[in-house]
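In what follows, a structure is listed as structure tokens, so that the remarks can point back to it.
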Amino acid sequence: MRHKLGQSLPSLRLAILGAAVWGFAMGASAFLTLLFDHWETPVRVRTVVLLFAFGGAVAFPAGWTLARLLSHSRGRETAFAAAFVSLGVVTVGLTALLYALQYRTYYAEWHAPAFTITWAFQFVFTGLVALYQFAVLGLRLYFPGGFLALFAAALWFACRSR
């Protein structure tokens, strides 16, 4: 398993360039959606775009590795499906996690002292509310640009697969 994991890791060059391109694509997708929705608060737009770009950049190496693990020694169709699902799920998951951390940081000011029972409930439910809010309001920022980028990245991954 360790050998298979080592083979699945992207090269440093691919990890850095892929993270930059993938992060840019996810940030651009969010920006275009917000632009078409006529958001009029540039500071908020910048924050959301940076969140999506950073989420995409962090997700690329993990998504690529997972796709290679899932498609190891299999056909191109499997490679395409593995990349599509892996990059999509990891990107959305890590961006949602970053959103939840930012959300939790904002509301921490009004929470009970750390490591109490009340704080634990507040911590869990604030995180769950943030994930729900991201699912309802954040996922739409991936369409249509992020979906097209995901399709292109999965196709590129499948073509590179041996």
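Every residue number used here counts from 1 along the chain in the order it is shown.
Placed from the backbone N, Cα and C atoms, the Cβ positions cover glycine too.
Annotated transmembrane segment per TrEMBL: 12-36 (among others), in sequence order.
As annotated by TrEMBL, transmembrane segment applies to 48-67 (among others).
According to TrEMBL, the transmembrane segment annotation covers 79-101 (among others).
Outside the transmembrane segment (113-135), and at least 6 residues removed from its termini, the chain residues within Cβ reach (under 8 Å) are 95-96, 99-100, 103-104, 107. Among the features that TrEMBL reports, transmembrane segment is placed at 113-135 (among others).
Taken from TrEMBL, the feature transmembrane segment applies to 141-159 (among others).
Nonlocal intrachain contacts for the transmembrane segment (48-67), taken as residues 6+ away from its ends with a CB within less than 8 angstroms of a stretch CB, comprise 5, 8-10, 14-15, 18-27, 29-31, 34, 79, 82-83, 85-91, 93-96, 98-99, 102, 141, 157.
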